[in-house]
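Database features, via TrEMBL:
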type	residues	note
ACT_SITE	196	active site, nucleophile
BINDING	266, 269	Ca(2+) binding site
């Protein structure tokens with residue numbers, strides 16, 4: 001009991017030691033320069049004299065809305081999750097320590113330009129001042145935030161970590177001595193596609209003659225809140241910020257807007273290393289030399305009951321990077337940039353771009369390591385860039401596999417200039433789309449040709465969202481904000497165009513081989529045959545199709561890593577060309593039986609089982625059939641739906657609940673004045689007692705957007721609360 005008491009008191013004691021009177025005085029002075037206006041949706045509009053003031057206010061406001069998410073993001077990047085969640089997280093922590101080095105982040109902070117240091121210090125001060133002012137908040141682990149923490153996470157993407165398919169299990173096996181005899185990466189047995197959609201429309205296809213941008217990231221719910229940052233130093237950005245970061249990641253300013261979609265661009269490579277041992281020293285072969293393997297001790301702590309235990313591990317590095325695993329008797333290292341100083345600079349500077357020329361200049365930092373960019377601006381430009389950070393490589397090699405690490409011939413040959421990248425600027429058709437899909441349909445028929453680019457630059461395959469987007473965007477004209485939103489909410493499930501004909505053919509064959517099953521499934525088949533393939537809340541066919549289709553996905557995507565972007569129609573076709581009729585029919589039979597057992601009938605509408613529910617504060621959310629929930633008509637983007645709502649069953653539930661998909665969605669028109677509409681999953685606050693916990697939930701489900709309050713005079717007409725941080 002004494003040991004437990006010590007652990008409970010420790011965070012408060014540490015905070016008191018860290019936050020000095022001088023710190024309090026400095027933060028109070030900065031807080032006086034910051035005004036936060038919460039509008040009627042609880043969205044913080046942060047006004048500061050300087051950019052650093054705005055950063056300070058932003059982090060303070062984020063902590064007000066959900067400190068636990070802010071903290072957990074940095075616990076993860078520090079590789080310290082096991083200290084909170086226990087030994088099961090130990091090798092996730094080790095993976096993070098291998099690819100993100102805190103010492104490098106500290107060095108980058110020490111070497112930062114004065115203007116950046118001000119932002120970094122304001123970032124840390126905003127969080128620490130919040131903790132000082134809220135002694136009732138008990139951090140899970142981090143009682144004091146350092147300015148260099150921001151350099152641990154220099155990309156706001158949910159997919160910012162690149163390991164070329166290496167998993168925590170790979171790392172565990174290697175560093176615990178379990179040899180992997182195979183040559184392939186471990187793959188997920190379940191695959192439900194996530195990602196994002198970005199659309200841009202030029203003045204030639206809009207009713208107003210202004211460019212329009214559609215921002216639609218698909219991430220885990222509540223991954224980003226909605227904010228505005230304004231300073232007297234030229235900052236005025238609106239959009240979504242990833243918890244704990246100090247820049248708006250998806251959004252717009254008065255002059256331009258940016259949307260990022262996750263990319264399959266190759267930014268991380270694996271190398272096979274030839275290791276020898278001499279007099280207890282390890283060496284790796286490189287050209288005609290043997291170089292010593294760098295050994296770094298790592299001390300990992302993990303929670304065990306009310307105590308913290310320590311595990312010490314010796315990690316290994318070659319000139320390519322950390323050694324992550326072993327395959328076929330060879331050590332495998334990874335070369336990647338999972339934190340990059342210029343990446344943070346690029347994320348900040350694009351929020352202050354005043355023109356197309358400005359934005360392109362920011363792109364020249366080429367430090368966006370994980371995403372594509374969809375762009376529109378007040379000058380009427382629209383543009384798309386596929387990736388940004390792009391190493392040059394020998395095109396004769398297969399970079400999807402580990403390459404020979406013993407020769408300098410396989411090294412990166414510098415970096416591609418932005419002008420080398422796959423890009424489309426102001427296409428003749430007047431619109432652009434990317435849905436984590438192949439860039440070769442980004443502007444429909446006006447897209448650049450595949451043969452003009454190396455395979456490592458554009459490996460992304462087509463998917464059903466991309467197919468649906470090209471069809472939808474090509475059928476509209478005279479776009480308005482509402483028309484753009486309507487296009488973005490098209491729920492057609494194009495994937496079933498390829499799957500269902502094979503099912504219907506299988507059913508016909510069953511008439512000769514299994515008459516009982518043929519007759520038993522005649523009604524469900526008839527429902528599917530009459531279906532228009534749009535997901536809706538009252539559709540029984542949507543329920544049958546999705547529940548049946550999900551059983552097939554592990555086989556369809558067998559061998560595909562979760563970080564890959566395969567050609568989905570190709571994989572679907574390979575599956576339908578080889579699958580047996582019995583497999584398809586048995587899966588449908590299982591779907592019908594499962595629904596009947598749970599609901600007394602297989603005729604269950606999609607909205608009956610596909611639900612939105614928000615209960616409990618992070619990380620203690622829970623789902624229950626006995627608690628209030630809302631019917632949702634959308635489905636996962638896997639099947640081609642442009643708005644994504646990924647749901648699943650949880651222990652003890654007969655219904656499925658959403659956890660991923662549409663998050664922050666925004667349509668913005670650039671003209672003499674910004675016009676924009678937005679929507680956020682559930683609401684701005686992570687506090688269940690807040691009126692802004694689910695105040696946007698019904699709107700979210702129905703696609704009813706709110707007006708964005710971009711100009712201060714509009715914000716002042718919808719004020720809920722005005723205050724300085726700390727008040």
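Cβ coordinates are placed from backbone N, Cα and C, and glycine is handled just like the others.
No curator has checked TrEMBL annotations; they are predicted automatically.
Residue 266 (Ca(2+) binding site) sits 18 Å from the residue listed as 'active site, nucleophile', taking the CA atoms of both as reference points. Annotation for the binding-site residues 266, 269: lowest Cβ count within 10 Å of the residue's own Cβ, 266.
The Cβ neighbour count for the residue listed as 'active site, nucleophile', using a 10 Å radius over every protein chain in view, is 28. Residue 196 (active site, nucleophile) is 24 Å away from residue 269 (Ca(2+) binding site) when you measure Cα to Cα.
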